[in-house]
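Trainee: Okay, these came from TrEMBL:
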ACT_SITE  32  active site
ACT_SITE  81  active site
ACT_SITE  85  active site
């Protein structure tokens, strides 16, 4: 693999995609995962062990919660991310243990600080619509790189798409880089997001964009 995606998802949109037991989703962007761009399930014998995360557990629960299942003791989401993506990322020395992989993802999340960047740009959850190019431009101006932004397409009768995920790309040296539009590997990246029938796809620049503040 050549680059890593740090995927943030917007909990309100994640809840909208699924009829699961979403209760009071956090009102800040949380981590979906840290994903190498090509490989998956690289080492099936390297089993997830939650005790390795005990030192970072409070941060994990806060910044990387399982949005769809509100029980704090549930670690299935992290296990899924480790099995599928962490075992592949572990070819990098800085990510070659569970503690390093999850800990580094938390560090990158805090470094990117997407929540405060959007607020500084005046982009906050609202019942009115945004224009996607304006969101992109604000992020690119702030970070100097182009992230990948994904939305829920409009439902029948709706005219707006709903912002759901923002991914930042990093080199193997963990430097921010552009996310070029991925035609080849993009489907595998979204497998976990096919909840029910709805799924996220790269946002449409011409559609009004909804950044929801509550689950409808």
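Backbone N, Cα and C atoms are what each Cβ position is placed from, and that goes for glycine too.
Mind running through what each feature is packed against?
Mentor: In the structure as shown, the Cβ atom of residue 32 (active site) sits within 10 Å of 24 other Cβ atoms.
All protein chains shown were included, and the count of other CB atoms within 10 Å of the CB of residue 81 (active site) stands at 23.
For residue 85 (active site), the same-chain residues that are 6 or more apart in sequence and have a Cβ closer than 8 Å to its Cβ are 33, 34, 35, 36, 40.
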Trainee: How many Å separate the Cα atoms of residue 81 (active site) and residue 32 (active site)?
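Mentor: So the Cα of residue 32 (active site) lies 8 Å away from that of residue 81 (active site).
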